[in-house]
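Read the structure below first, then the notes.
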Amino acid sequence: MNLVYLILVSFLPSSAFVSCSFTKSGKQILQQIFEGDKDNHTKFNKFQELFKNFEDDSFCINSLGNIGKSALKFLSECSSNTCLEPNWAVRLIDSLPTKPPGLSRKGPFFFIGDFETCKELWSVEHRQVHYCTLKGTVKLGSETLPVTTGVCLPSNCHENQMSKLLNLAKEYLFNETIHVDSVYCSHGTDSTWSVKKPFVLFSLFFILALLTIGTLTEKMNRDGLIKKSNTKMRRMIHKKSFDVTRSSAVSISEDRSDRESCGFDSSGESEDNESLANSSVNRQFAPSIALTYRTLATISLSNSLLVNILSAFSVRSSLTYLFRNSTRDVKLVNLFRVCSSFWVIFSHTCLFSLHFTDTIRSVARKGESVVGWRNFMMNSSLAVDTFLFLSACVASYSIRKKILFRGSSSNFSIIKCLALLGHRCLRLLPALSLYLLFMGLVYNHLADGPFWNANGMFGTECNVTTIWPHFAFVSNFFPSTCVPWLWYISLDFQLYLTLPIVIFFLSKFRFGFTFAIVLCILALVYRSLMYAIYTLPANMFVEMLSGKFEKAELSFKLLYTSPLSRCPPFFLGILTGWYICQIRYLGTLRSITSFGLKILAVSLLAFALFGPFFYSEFLTYPHAISNRILWASGLAILVVLAQNGYNFGVFKVFGGQTLVVLSRLSFGVYLSHEPILLYYLNSLRQPMSPTSFGYFMFITISIYVLSLVCAFFIAISIEVPLLNLERKLLMTTRNMKEDTMKDRMERHVSFGDTEIEKYEVVEEGDVDGNDMDPSENTRQWIETGQLCLQRSDIDMLCAKQEEKANVKIEDDDGKTSTSC
């Protein structure tokens, strides 16, 4: 048994290696290697003969020999006192991997040496050594298992030389079939990072400086220390309360339009002339249905424009926006979004950790007996369908609210469609750009370890040739080695392109909803054909864990990331958002009816979640085809019931303001959770040895909390400031005559109250106006300015109100409704 053989067999296991490599002391092994026989021939000399044709490897072989001789000399000469402080050669040999306990019951094999010892040798003692990690597979009998091993070696032994040693070992030493995937050596010096560091630090300080200047500017402007030019008198919003007769044909509608909708409104030259007067209104908190994009001609260079731009980056304004109260959210959106985010993180934690776990067999056996863990992990893609449903529901709800507010003069034109998509890009691209910049320049240099690779690991090989699919929103069609998990953003954006088309049919045709239903049916036909033609697995993740990657990869391309396959939840979300923002609400349902609808929704969700694991072959593929549309249907029923006051107790507790902030951070959580998880896994010093899926739950909670922290900084430094900037530069309050304003606001009817609010627009200094701050008035607009009627029913409602003559104007002392 020689030293080189000891090093080589530490790369890949074999039966002979397990039986004899670790039964003798280190000194005995070294003596067998370097002590000669009667002809003064050593085993090390015999091994050198194998490499006599590889002149490039002479330095590596000689270095290995010198290390072994130095260690043997030290062990032979040391006494019991001096052996407590071994020399560097003994420490290097001591860092070599050993046989892990319980090898017979484990799945993937890990032979990881002591990375910290090797790190100390190159950083403290300044020895010419580096740590080499090899990944490959070994076929033992009929089973192929992945193997990862790491060894501390002299710097003369490079990656290509490691490959030659392994090829020789396969030929002379091993009977098993061995395949080497990669060899990576790290010696602690990172010259690439030293070049990138100045640019990264400059970018970081620039962002911090911009936030600081924005915060100071906003405070000075709020305190009146900045004198603006080219501004007219402020227009203030005041409120008066008056009674209306409660109508059973009015529903509560909530709005997310402050972040999801936008559009152009052409109201003539008068609005252009008034844009400067409107620019002083605090648009940051005004609802989007009361905002329009101003024309570029109205934006003039002035110190007011500069103040607005800088104030948009105020940390105080971002925090106020982030933690603001909201009474216009679609019911249950916050709960579903937070739960789905946690579900995705749990699934990724379980699946990605398998590459760093040596007890997969034990975990798999226990997982088979616990249906809940298995289903939530294998069927976690339903969380993606939840996000698609919520995205479409909120967008459709916001767009319809805007159409209703503007009345017949508002047409969903091509320009407004482009504005809608432009707003979507503004929400995605800035944060996405800085995120990809961070992953490409910084991430690979943040840590080290036996699993870490500064040249790029899974998802971190980012360069110019791998990031373009993300900016073109086609990464689901062109998989990238740079953050491949961003395929969802591309899928969502592609489905978002269909939103104006579906909205057009819904707004122009009485039975326009049939268009969305037809699209859903076509998607089901597509899924059926893909399963029939390519014989795809019913569950992609089960196929991957079984080692059948070819079919799993094909299923990923044709079904998992395809918009043709994933569109039904999105279209159902559009219909749900459109429906809940109209006057024809459910009304008063019988208890048995509402209970039956709740049972139906829960049944659809349960079947979609647990269906793949029925043992009946008759149910397997029908479920695989329809599970996503069934899941979305269950969500739609729950949302419609919640919007009309029929709710579960648990949803009432968590459906309000409790989860609003966490919900608003969901995009940042989605971006940051994967890098945090991969950082934790790749920086491990030893593989994980979990015994159940419960082990991963604690990791999931930690990853989620850290992701929230990162998402918070993403929000206050990128997301919210740019949304504020959009409102300050491109949007202005709607210029509306008093009669028109009164007519519109009289249609803001509450479901459970007898009062609504009327807003009057008066010039500052008017004798009838109050002394309230414009931002306070705007805040009240946000809290109460909600429209719940569809256009065809508004005229009917107004006619009935005129006939009954029940409208009575009251004083400001009246009770204010905040429901709608």
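For all residues, glycine too, the Cβ spot is worked out from N, Cα and C.
According to TrEMBL, the signal peptide annotation covers 1-16.
According to TrEMBL, the domain 'Nose resistant-to-fluoxetine protein N-terminal' annotation covers 57-187. The average pLDDT computed over the domain 'Nose resistant-to-fluoxetine protein N-terminal' (57-187) stands at 80.
Positions annotated as transmembrane segment by TrEMBL: 199-217 (among others).
Annotated region 'Disordered' per TrEMBL: 253-279, in sequence order.
Under the heading compositional bias 'Basic and acidic residues', TrEMBL lists 253-262.
The transmembrane segment annotation in TrEMBL covers 293-315 (among others).
Marked as transmembrane segment by TrEMBL: 335-356 (among others). With a cut-off of 8 Å between Cβ atoms, the residues of this chain six or more beyond the transmembrane segment (335-356) that come close are 108, 146, 376-377, 380, 383-384, 386-387, 390, 451, 485, 541, 545, 635, 651, 654-655, 659, 662-663, 666, 669-670, 673-674, 677-678, 681, 684, 687-688, 690, 693, 696-697, 699-700, 703-704, 707.
Residues annotated as transmembrane segment in TrEMBL: 376-397 (among others).
Annotated transmembrane segment per TrEMBL: 428-446 (among others), in sequence order. Using a Cβ-Cβ cut-off under 8 Å and counting only residues 6 or more beyond its ends in the same chain, the transmembrane segment (428-446) has close neighbours at 190, 192-193, 196, 199-200, 203, 453-457, 459-460, 462-463, 467, 470-471, 482-483, 486, 489, 493, 667-668, 671, 675, 679, 714, 718-719, 722.
Listed by sequence, the residues of this chain that lie at least six past the ends of the transmembrane segment (485-506) yet keep a Cβ under 8 A from its Cβ atoms are 348, 384, 387-388, 391-392, 395-396, 399-400, 412, 417, 420-421, 424, 428, 432, 459, 469-470, 473-477, 479, 512-513, 515-516, 519, 561, 563, 566-567, 570-571, 574-575, 578, 670, 674. The transmembrane segment annotation in TrEMBL covers 485-506 (among others).
Look at TrEMBL and you will find 513-534 (among others) tagged as transmembrane segment.
Under the heading transmembrane segment, TrEMBL lists 599-616 (among others).
TrEMBL lists 628-646 (among others) with the feature transmembrane segment.
Annotation comment: TrEMBL describes 653-673 (among others) as transmembrane segment.
Taken from TrEMBL, the feature transmembrane segment covers 693-718 (among others).
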Notebook entry, point to check: Between 199-217, 513-534, 628-646, who has the most Cβ pairs under 8 Å to the transmembrane segment (693-718)?
Noted result: 199-217
Check: Any residues 6+ beyond the ends of the transmembrane segment (513-534) with a Cβ under 8 Å from its own?
Finding: 498, 502, 505-506, 551, 554, 558-559, 564-568, 571-572, 574-575, 578, 621, 624-626, 629
Next item on the list: State the non-local partners of the transmembrane segment (376-397) in its own chain: residues 6+ outside its ends, Cβ under 8 Å from one of its Cβ atoms.
Entry: 253-257, 260-261, 330, 333, 336-337, 339-341, 343-344, 346-347, 350-351, 367, 488, 491-492, 495-496, 499, 503, 539, 541-542, 560, 566, 569-578, 580-581, 608-610, 612-613, 627-628, 631-632, 635-636, 639, 693
Item checked: Beyond the flanks of the transmembrane segment (199-217) by at least 6 residues, Cβ under 8 Å -> 226, 307, 310-317, 437, 441-442, 716-717, 721
Notebook entry, point to check: Within the domain 'Nose resistant-to-fluoxetine protein N-terminal' (57-187), how many residues are helix, strand or coil going by DSSP?
Noted result: 57 helix, 38 strand, 36 coil
